[in-house]
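Copied from Swiss-Prot, the annotated features are:
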- 1-33: signal peptide (SIGNAL)
- 85-281: domain 'MACPF' (DOMAIN)
- Asn185: N-linked glycosylation site (CARBOHYD)
- Asn354: N-linked glycosylation site (CARBOHYD)
- Asn473: N-linked glycosylation site (CARBOHYD)
- Asn579: N-linked glycosylation site (CARBOHYD)
- Asn626: N-linked glycosylation site (CARBOHYD)
- Asn658: N-linked glycosylation site (CARBOHYD)
Amino acid sequence: MRWPCSSWFRGLWPEAAPWAVLLALGVPGWVLAVSATVAAVVPEQHVSSAGQAPLDWLLTDRGPFHRAQEYADFMERYRQGFTTRYRIYREFARWKVNNLALERRDFFSLPLPLAPEFVRNIRLLGRRPNLQQVTENLIKKYGTHFLLSATLGGEESLTIFVDKRKLSRKSETTGGIPVVGGTGNSSAVSLETLHQLAASYFIDRESTLRRLHHIQIATGAIKVTETRTGPLGCSNYDNLDSVSSVLVQSPENKVQLLGLQVLLPEHLRERFVAAALSYITCSSEGELVCRENDCWCKCSPTFPECNCPDADIQAMEDSLLQIQDSWATHNRQFEESEEFQTLLKRLPSDRFLNSTAISQYWTMDSNLQHRYQQLGASLKVLLKKMHRIVRRLFNLCKRCHRQPRFRLPKERSLSFWWNRIQSLLYCGESTFPGTFLEQSHSCTCPYDQSSCQGPIPCALGEGPACAHCASDNSTRCGSCNPGYVLAQGLCRPEVAESLENFLGLETDLQDLELKYLLQKRDSRIEVHSIFISNDMRLGSWFDPSWRKRMLLTLKSNKYKPGLVHVMLALSLQICLTKNSTLEPVMAIYVNPFGGSHSESWFMPVNEGNFPDWERTNVDAAAQCQNWTITLGNRWKTFFETVHVYLRSRIKSLDDSSNETIYYEPLEMTDPSKNLGYMKINTLQVFGYSLPFDPDAIRDLILQLDYPYTQGSQDSALLQLIELRDRVNQLSPPGKVRLDLFSCLLRHRLKLANNEVGRIQSSLRAFNSKLPNPVEYETGKLCS
């Protein structure tokens with residue numbers, strides 16, 4: 001049903017309103033649809049009993065809903081002690097309002113009934129107004145939109161706040177219906193009475209309010225509030241802004257607005273839209289500019305920071321700070337949780353726990369794992385929210401001179417929590433625990449705490465760690481692992497005692513000193529040995545056509561049982577007859593400690609980095625030369641016997657080459673065709689002898705099976721390993737070291753093969769337990 005209202009609105013509304021809210025233009029006519037409804041009593045229970053927890057958490061500021069007037073009323077009533085709200089209301093007089101002025105223009109081509117003042121302001125703009133003029137003359141006075149259609153209406157309601165704890169229960173004891181008298185001072189009131197009075201509100205308003213006010217004064221258990229909003233009928237409203245709560249917005253009744261530019265002449269429409277967008281978006285502080293899918297405000301000189309919404313940026317930065325506080329709260333709650341504290345109580349205190357040990361206890365605690373997963377889930381939610389705010393913050397600040405200031409929290413790793421447990425265990429002797437440093441076994445205390453470190457138990461483990469802590473003081477070691485010795489409560493690497501009692505190895509000569517002594521052929525470095533040969537004699541000429549074998553031996557077991565010998569150089573003085581074309585060729589074999597010839601090693605003369613023979617003339621007439629090979633400190637080695645195999649070759653010089661070619665001499669039956677003779681005057685070994693005590697080494701070996709005291713077996717093994725390594729260091733050059741130590745045991749200590757093998761196995765087993773063991777492969781030399 002449509003009918004016009006009896007009054008007309010005057011022109012445009014003069015006051016501006018925000019964006020997307022009604023910015024008024026008066027309408028010359030109304031289309032009204034009247035309806036009224038009455039609602040039932042609606043109770044809202046907020047606190048069920050006196051023992052329930054208070055609702056203070058609900059009364060905090062949480063958004064627009066909590067700032068609504070009705071909620072403010074509820075909050076006030078609740079804080080005064082009321083627990084229940086009864087509300088009866090009815091909506092009345094809803095009118096559907098349509099703008100007939102546009103319909104008359106669109107359908108009947110009638111001119112718009114614009115207000116004279118509005119028309120005058122349009123004319124004052126001229127043909128080409130700037131945006132500031134449009135804003136001052138139109139937008140600030142009339143807004144940016146006008147009303148197409150809306151729904152008007154009102155509401156009246158009665159609200160009763162009730163405190164059930166204060167209601168009288170006399171009616172329950174008497175069993176009668178409570179009667180509320182106008183003069184009684186002790187009337188019994190029940191909830192049923194309040195229901196009946198609320199239901200009669202719209203029937204007899206004045207009588208109902210009078211009785212309710214009497215109950216309110218008499219009992220103090222209720223509080224009555226009456227609310228009436230909206231127009232009471234189709235009255236003469238000149239301006240809708242003067243009516244409170246007029247517009248009714250609901251899904252079926254929406255306010256429809258239209259831009260004010262449709263009422264303006266064609267030449268003003270584009271300028272008006274630009275001015276309206278700048279006014280709304282830039283708050284009259286600049287001009288809106290859009291390029292390449294991006295819009296911003298071109299700020300005026302008066303407002304250089306118009307693109308920078310300080311309030312919004314500050315609010316987002318505050319939100320980030322709140323999230324950081326929540327982040328820290330979650331971590332603190334996890335540390336204070338029952339699961340975390342239970343793990344701390346279960347950890348052993350009689351030994352030190354490193355990060356690896358704590359991680360094992362951490363992994364085995366299923367309850368703690370579940371609690372840690374909850375912490376991770378909560379932090380992920382906060383991190384997602386923080387990233388969303390940060391993106392919005394950067395979008396807002398991309399045209400600001402000041403960049404946003406914030407710090408993203410980082411999720412604490414498992415290693416952090418393991419170190420935190422160590423800090424609580426060992427650095428908690430003050431109000432605030434310090435930070436434990438596992439590498440230095442110390443605590444870093446807070447700046448205001450002089451000391452926070454408590455007793456730190458000894459560390460159990462391999463290597464330098466303790467095997468057991470002391471029973472009387474857990475901070476000190478009680479026993480150590482093999483290869484370490486206990487010293488002042490700590491495990492230090494065990495070092496072998498001096499080997500001077502077994503084998504003296506500290507008489508090395510410097511290279512320059514050795515070279516000088518060899519040049520002088522100093523007798524102090526000559527090792528006197530026995531020359532043996534069945535093929536020749538020293539100082540006698542012989543025919544070198546066939547191989548000659550000679551050797552120098554010491555026979556130490558017979559003559560020098562307390563010495564072992566080191567060879568530094570080998571020298572021969574060889575003489576040749578005049579015009580001889582023979583060239584001596586020698587093969588040298590060295591036997592280190594005795595035994596058969598098969599237990600000797602071949603000297604690789606001039607191979608690789610090994611030295612070659614050096615020849616110096618002694619007697620030019622007899623063509624004598626000293627042939628010397630110098631091993632020096634680099635290639636020195638043990639020797640007991642030196643085998644020399646001498647052969648000769650014919651030396652000739654090829655005219656087409658600078659190389660020397662050797663030929664094996666032919667067998668000459670005619671002495672007249674002999675190519676020459678050879679003589680060896682001396683064969684000497686230069687070096688030095690070392691003191692050697694085989695009995696002391698035998699006693700050391702006996703301690704492997706029969707230790708004198710506790711720890712003597714380990715000490716004996718360490719000394720034997722040191723002796724083995726130092727003897728094998730003088731092994732001859734080669735890809736694999738020769739096992740000279742086994743030769744020493746076999747030939748100088750006269751041990752059986754099985755005994756030597758058992759000793760070597762014991763040394764290898766003990767060496768594998770030592771810290772940083774050095775293993776090397778050795779080749780067998782002695783059988």
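Using the three backbone atoms N, Cα and C, a Cβ is placed for every residue, glycine included.
Features per Swiss-Prot, on structure.
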residue : record                      : DSSP class
Asn354  : N-linked glycosylation site : coil
Asn473  : N-linked glycosylation site : coil
Asn579  : N-linked glycosylation site : coil
Asn626  : N-linked glycosylation site : strand
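By a simple count of nearby Cβ atoms, those within 10 Å, the most crowded of the glycosylation sites Asn354, Asn473, Asn579, Asn626 is Asn626. Here Asn354 (N-linked glycosylation site) is positioned 83 angstrom away from Asn579 (N-linked glycosylation site), judged by their C-alpha atoms. Averaged across the domain 'MACPF' (85-281), pLDDT for the predicted model comes to 75. Between Asn473 (N-linked glycosylation site) and Asn354 (N-linked glycosylation site), the C-alpha separation comes to 19 Å.
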